[in-house]
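Here is what TrEMBL says about this protein:
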- A:17-36: transmembrane segment (TRANSMEM)
- A:67-85: transmembrane segment (TRANSMEM)
- A:92-109: transmembrane segment (TRANSMEM)
- A:115-135: transmembrane segment (TRANSMEM)
- A:147-165: transmembrane segment (TRANSMEM)
- A:198-216: transmembrane segment (TRANSMEM)
- A:237-260: transmembrane segment (TRANSMEM)
- A:280-312: transmembrane segment (TRANSMEM)
- A:324-344: transmembrane segment (TRANSMEM)
Amino acid sequence: MTIRLEPREDAGLGLKIGVSLAAGLVALLLVAIPVLFAGGSPLTAYGLMIQGAFGSMFAFSETLNRATPLILTGLACAVAFRAKLWNIGAEGQLYIGALAAVCIGSGLLQLPPALMIPTVMIAGFLAGGLMMVIPTVIKQRFGADEVVITLLLNFVVILFIQMLVEGPLKDPLSMGWPQSVPLLAEAKLPKLLPRLRMHWGLIVGLVAALVLWLMVRKTVLGFEIRAVGENKAAARFAGIPVDATMLKVALISGGLAGLAGVGEVAGVKGYLSSDLSPGFGYSGIVVAMLAGLSPIGTVIAALFVAAVFVGADSMSRATGISSYIADLVVALSLLCVLVGSFFLRFRVKWDRQSVVA
Amino acid sequence: MTDAPVLLSLQNITKRFGALTANDGISLDLHRGEILALLGENGAGKTTLMNILFGHYVQDEGDVRVLGDGGLTALPPGSPGAALKAGIGMVHQHFTLAENLSGLANIRLGTEPLLSFGREGAARAKVQKIIAESGLDVDLDRRVADLTVGEKQRIEILKALYRDAKVLILDEPTAVLTPQEADGLFVVLRRLAANGLGVIFISHKLGEVLAVSHRILVLRGGKKAGELVTADADRRAIADLMVGKAVAAVVRTPASPGDVLLALENVSLHGASGRSLSGVDLKLRAGEVVGLAGVSGNGQSGIAGLISGLAVPTSGTMRLYGETVTRADPRALVANGVARMPEDRQHDGVVGTMSVADNIAIEEVRSAAFSKMGFLDRKAMRERATAAIAGYDVRCQGPDAEARLLSGGNVQKLILARVLERGPRVILANQPTRGLDVGAQAEVHRRILAARDRGAAVLVISEDLDELFALADRFVVVHAGELHDAGPSEGLDRGTIGLMMAGQSHARAEMAS
Amino acid sequence: MDVLFDILGSANFWAAAIRIATPLIFGVLGALICERAGVLNLGIEGIFVAGAMTGWLAVYLGAGLWGGVLIAAFAGALFGLLHAFLTVILGLSQHVSGIGITLLATSVSYFTYRTALPDVSSPPRIAAFQPVSIPGLSDLPFIGPALFQQTPLTFLALVFVALVALVLYRTPLGLAIRAVGDNPASVEAQGLSVVGLRVGAVVVGSALMALGGAFLTMSAFDAFFFGMVNGRGWICIALVVFASWQPGKALLGALLFGAFDAFQIRLQAQIGQVVPGQVFLMMPYLLSIVALILVARRADYPRALLQPWTKGQRH
């Protein structure tokens, strides 16, 4: 019996969704091994995780709160990856977006909330976008790989933020904690429901997903992004300005990550510190891949990843199993969805006829 | 010749790809000291057969037998290693050389135990002995990337001989050579055959097959269409065997050239080697086809790049209808009636994962025809695609089918539909029929000539001289980045063009040929 | 100016430079082997973490120091095997697989550490490698303390530089690796296995990367900290471009880097009052970016880098 691979002519939407679901599921199943290794019962752990993520209004609101930045960083990665622009720097762009929000929103401008909030958001978007435009320009001008540069910039940005919150931006009333001056009340994003942390950033994320979906399917820019991403040479031959399109993608991608930072500062924390993001930028990569780079899928994938983190935290508090289990699920999901993409390209056939030796 | 022992025997080879039967029960014998030509159109199954022989593909039925110590023995299918060991050497159409390594390193690759030292000297001595015997002279220490195409081909042949090949297979070896270089190759092959090597020479060019082979096997549609001894062969009869039915030759009426529509004036381009141009002058007139001949890599891609709007000259001027368009981008050229057919249609011509409709609209997606206020007009795109599919006989599932699912001929028809439907005034056709079967070829030629008759100025760039003679009213030849006028095609012969391709001036080439 | 001479004139500075360079030497060599064969391994950052954690944990649980080194290399090889399976055998995206390996190796390491040592508040220590003296050489004035009083892993790194150069340029195996990264078709046409060569290169390269991590917990420090790798893997990926994929230049690049880092640490001690510490900490990353920008255009990339290969394929 032999295994044969046949290239698939077209992978339907159902198959694509199936692969993503299976990837998440397989990743969850695989972590049963480390859970056992840590002396826990996988079934109990899964139960506690589900309860922790969805078991109550509060739990669910926490999951949504956690999903908010993930939707935005996920979209940031999805739009860039579609154009084959490997933005691995969403983490840094998130911080720069947050920084812009704090610079504008902590007293520099005095505006009513209806003006202040959009101003802060635009500033965060532009700052984050610029953070991605720079490596893209470097790639175009000097041919240096954007993957390594965006990765390295993440470290530079975090140190830069540390420097600012210990120095010029430090809040004199923070009792020595390295955190920035707080945002004005006018710059803060209103909560969605009383007593829950969910904020308007979630709506921003959902709208962004919708806009991106429209852009990809209906607009000339989306057409050009797809063409550039799928075949740069043919796009260039057909007259699509490849470099300019890439810069637009970079601005959108970095900008979305920057918005994630604005949301965390203006919607959750109220000030900037160097522990603002527990790796939302990196998780955004996983979210985008799990979503098959689809904007609408990103929302769902972000919910999944957020639920894993929130659920694992809660499970960890109850059982003592390390909450790094969530990182494991996320990493395994990425690898599983990658393996899954193999099945989108190939059909596996089992041949019963034996081969003459 | 048939007295010599059989080196290689293919028996009943059948290979199917899905519904397509690429090889259908093909058998052949190759004798010691024989040059056997495998002749057939593109798509006749030649390359598939050789890939089975060399173990790149596994046949569905049949055996490959090679002469070994114990007589003819079957090769295990699907193992290039076994084929190599049995003494089969293959020179692919696309060279399989590591360009960053030296010629000698490429020859030695895979012939020595992986962890061993100090074998270079012995290897060099052996290669030099082979060079002396065969006449395959080449610098062994230069980086392969810096060698000419002909030299790379010699390295490929040396690779096979170094492994003591008994059988040498050459897949379309003259496609990249000047006629003179090809003659040099034939001399080497005859010498090698005289020393006892068996050679299989794959080609779709009748002339060279008659010149070099002892025996000819004609393939058509995956089947053996005939087998004959070259000395007794009749040119007409072989051509009929090859094509099957007579294809009506495209008739070219005399041209009536009008105004100059596109002109390159003293244009130079400094770029990657094979792309550079110096002081090129070229005028394309309404109602005339200009054929650009040349060995690939002598500047064709530079000229194509300029007219496509992908390259900006270092100096000189490009004019379209008299206006300077030296820095025009593809969109500006397209909007002004320039049609461009890319050299590599799969790579540059279509975005494989986008639909047929998308690929037809792609050049004009920002124009009012296909979008409004930045939003796509899907309806208009589909309508144009549906019309194109019908009008140009693009075989596909419909406007929404992905372009990667189309065959090469249908991709070319898609591109024709994209560029010709606009009624262009200037047409660049770069290798318009490379890799297409006879039917598709005739169709493309007919469309190009129809556009000319409508008054378009056409530049055809091709490595196939037959194609140029079929289409061109006037010839230009590019060599080492310089463009030379060869005059009207009437009265020109292949020998003259060949010599000009090798760098001789027009006058001297005419005298010599 | 005096500050500059004070620093460059101290043997201690040069010893530190070599020490700081050691993990980078391992990492750059590992990345170089993978990329020479045509596979970008962005798993390097996570493999560093895995090497650091497993080597340290093995020693902590009672293995000998060299046993720890072997276990670290083995852990690296395992992650390399996974990366090779995904990218070489299945032909999937090297970028995505590499990032996935980094996330996986990092989280596995952190999880294992937390699970093995749930109750510790400060990181436990092991008896790490100590500097060894080389008779004769180590006693030379200035040169001795500057160059020849290092831990065994540093000397091992230098041995590997020579070994990799020897194999790459003087053996048919090295020829095959260079060829498979340049044009896999050339290797297949000569009857060698593209898959075998690439998988082998990625596994061996990843094992070397893990040794870079092991150096951190078993030589440079004597404990494992979260976040201790801190981008060193990414710096190696930049350095390998800077080194044009040549072992000698890789050593040079790593040493330059180590020297710069050692220099800034000392400079910081002298003028740290004026400039915030983060400015110095940023330097390695900025320096890597600058190095990439300077060489990227001229870099002679292995031509088949990032290109998956399927049997019988033409290019």
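Just so it is clear, glycine is given a Cβ too, placed from its N, Cα and C backbone atoms.
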In the same chain, residues at least 6 away from the ends of the transmembrane segment (A:280-312) whose Cβ sits under 8 Å of its Cβ atoms read 16-17, 19-20, 23-24, 28, 48-54, 59, 62-64, 66-67, 69-79, 81-82, 88-94, 154, 205-206, 209-210, 212-213, 216, 257, 260, 264, 323, 325-326, 329-331, 333-334, 337-338
Suppose I define contact as three or more CB-CB distances under 8 A, residues 6 or more apart in sequence; do the transmembrane segment (A:92-109) and the transmembrane segment (A:198-216) meet it?
no
May I ask you to check whether the transmembrane segment (A:115-135) and the transmembrane segment (A:324-344) make contact, with contact taken as at least three Cβ pairs under 8 Å and only pairs 6 or more apart in sequence counted?
no
Intrachain neighbours beyond the transmembrane segment (A:324-344), with Cβ under 8 angstroms and 6 or more residues off its ends:
8, 11, 15-16, 19-20, 22-24, 26-28, 30-31, 34-35, 38, 45, 283, 285-286, 289-290, 292, 304-305, 308-309, 311-313, 315-316
Intrachain neighbours beyond the transmembrane segment (A:17-36), with Cβ under 8 angstroms and 6 or more residues off its ends
42, 45-46, 290-292, 297, 301, 304, 308, 321, 325, 328-330, 332-333, 335-337, 339-341, 343-344
